[in-house]
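Written below as structure tokens is the structure these notes are about.
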Amino acid sequence: TRKRQSVICRYPNGRLVLYCKGADTVIYERLVDGNHNLKKRSIDHLEQFGNSGLRTLCLAYKELNNDVYESWNQKFIVAKSSLHDREKKLDEIAEVIENELILIGCTAIEDKLQEGVPSCIEILSKGGIKIWMLTGDKMETAINIAYACNLVNNDMMQFTISSDTDAIREVEDRGDQVQTARYIQGSVKQDLDRYLQDADNFLNNPSRPKLTLIIDGKCLTYALESCLRGKFLRLSLICNAVVCCRVSPLQKAQVTSLVRKGARKITLSIGDGANDVSMIQAAHVGVGISGFEGMQAAMASDFSIAQFRFLSDLLLVHGRWAYLRLCKVITYFFYKNLTFTLTQFWFTFQTGFSGQRFYDDWYQSLYNVIFTALPVVFLGLFDKDVSASLSKRYPELYQEGIRNMYFKWRVVAVWAFFAIYQSLVFYYFTTIASKYGQNSSGKIFGIWDVGTMSFTCVVVTVNIRLLMACDSVTRWHYISVGGSILGWFVFIFIYSSIMTPFDKQENIYYVIYVLTDTFYFYLALLLIPIAALLGDFAYQGLQRWFSPYNYQIIQEIHKDEKDDNRRNESLHIKNDLTPEEATSYAISQLPREKSKHTGFAFDSPGYESFFASEQGIIASHKAWDVARRASMRSRSNKTTT
């Protein structure tokens, strides 16, 4: 929230100096009057650096009197030791001393985008994902980064809400903070109203351009107030991309919460630094990038990735597969339990709702635990509609998940309809057929014979139905389905052959042996599952033919291709490099020194030929390498001496 950091230094001669670094908007508010020439030059330099895509900071200092410092330090210690509102008290005491600063100048460093960021953002946008960029950089820097990562392009119409205008600067120069706040709030309101009207006009235009909203942190403070929050959210949702610059970590979290709660959208936040932790925790899903800025973001996130470009695999491949699997698992659980329960429900009409059981207690207890448990586990683990390469090749497939195509009430209703249909088939086919069936002793079948026959058909049918729901069937699916059906027969043969004096199973005793001695059992076991699944088979065929999902169309297009075949082919790229290009590539793979001048993780602009000679690669010598080798020789001579 501070957007600045200060340190107080005591020199050996007793001199006390406060040094402060931070965002230009924060530092300039705390500068002493005067020295307008340096301020103006620094502003010009900041704008120039921002237009070049560099990340900027301002530096300032303040000479402190020893008595003033001692008095302030006592208050600072008290605030730091406070048990209540410690952060608030520390901010208040910092405001006391962080004022009347003298500007030193500004700094600018380059922060290169990671490999694959532009293509990743482009493919996510095609998948129907709206991307917002929340950054602490200057507006010029943020816009350059947005262009570099394909979030914004020249074909987009930009709505810019900025506090860096001549009118606002003129009001700020008067020094009245209340008047400044009112003026900026009114300016933000006017901009939001004007841009909303323009956006509404574009909505009615079929050939409307894509819209981008760009707002800085000072204006965002007023846009997030209760009176303007709704307008800001509405305009942001109309725009294809949103760029918020010079925002604090708290504002990042506030914007994320606004979209999550105000628009009721599923949000994902991704960041790589400690200043992104609050934003990551405010979203539904938090993704942290583990890198040079530490592990704070990765430790606070739900998922951690090494580079930004892996986000496309996380969402378009694994995220989409997980959604499909979860939808199938939930609807299948609903289907198989509804089918099993309704067969007993139809039986109650024949018993006058007396409470008579149709299935044995152990059948009901082990139905979900053993007989139908394992196949659905493998469905949730291994099922995938298209390969990983096709998922990234056709990112539009992700939009079906955004529209929740696989978990609508219509989908649930279809599963419920066939569950009702199959339960009627199981109950009435077995009961009606049993009236004319006889066992080997000439007796008609009893209730436990019919119940065991019906339960056998239920177990066989619901397991086969799972195979029909799978888009990719592996050997584990066959093993689990076959094992579940086999497990039922092993259980019933053992269970119906045991009768102890403590728990007499008189009803079930020898039931399966009686059934397997009859032709009725085998005929029913063949025809009843076929009759039950006939409706599902017809519906799936008609749906795939007349109203297919997008992934089913992709399946038909690439049905003759092997999984990830295209991906494997792309790994074998023909190498037609010239000798100069080969040398340049070899040099690029060499280790490089970290620069001591341009910030963390940036390579120094030299030493290539030095490292090349160490690796036995011939490269041209450069001026800075001469100085490098000379310094190393002098260092080795001193060591030898």
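Glycine is no exception: its Cβ is also placed from the backbone N, Cα and C atoms.
Taken from TrEMBL as is:
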type	residues	note
BINDING	LYS21, ARG55, THR135, GLY136, ASP137, ARG246, LYS252, ASN275, ASP276	ATP binding site
BINDING	ASP272, ASP276	Mg(2+) binding site
DOMAIN	298-548	domain 'P-type ATPase C-terminal'
TRANSMEM	329-347	transmembrane segment
TRANSMEM	367-386	transmembrane segment
TRANSMEM	407-429	transmembrane segment
TRANSMEM	444-464	transmembrane segment
TRANSMEM	476-499	transmembrane segment
TRANSMEM	519-539	transmembrane segment
Given the transmembrane segment (476-499), which of the listed stretches 329-347, 367-386, 407-429, 444-464, 519-539 has the most Cβ pairs that are under 8 Å apart from it?
367-386
Can you name the far-off residues of the same chain, 6+ from the ends of the transmembrane segment (367-386), with a Cβ under 8 Å from a Cβ of it?
321, 324-326, 328-329, 332-333, 336-337, 340, 394, 397, 459, 462-463, 466-467, 469-472, 474, 476-477, 480-481, 483-484, 487-488, 491, 551-552, 554-555, 558
Counting across all protein chains present, how many other Cβ atoms fall within 10 Å of the Cβ of ASP276 (ATP binding site)?
27
Express the distance between the Cα positions of LYS21 (ATP binding site) and ASP272 (Mg(2+) binding site) as a whole number of Å.
21
Please give the greatest C-alpha separation between any two of the ATP-binding residues LYS21, ARG55, THR135, GLY136, ASP137, ARG246, LYS252, ASN275, ASP276, in angstrom, as a whole number.
21
Could you tell me the C-alpha distance between ASP137 (ATP binding site) and ASP272 (Mg(2+) binding site) in angstrom, no decimals?
15
THR135 (ATP binding site) and ASP272 (Mg(2+) binding site), distance between Cα atoms, whole Å:
12
What same-chain residues lie close to the transmembrane segment (444-464): Cβ under 8 Å, and 6 or more beyond its ends?
335-336, 339-340, 343, 356-360, 363, 367, 371-372, 375, 422, 426-427, 430-431, 434-435, 437-438, 481, 484-485, 488, 492, 496, 507-508, 511-512, 514-515, 520-521, 524-525, 528-529, 532-533
For the binding-site residues listed here (LYS21, LYS252), tell me which residue's CB has the most neighbouring CB atoms inside 10 Å.
LYS252
Within 10 angstroms of the C-beta of ASP272 (Mg(2+) binding site), what count of other C-beta atoms is obtained when all protein chains are considered?
22
Cβ distance under 8 Å to THR135 (ATP binding site), same chain, sequence separation 6 or more: which residues?
THR141, ALA142, ILE145, VAL243, CYS244, CYS245, ARG246, VAL247
Can you work out the mean pLDDT of the predicted model over the domain 'P-type ATPase C-terminal' (298-548)?
88
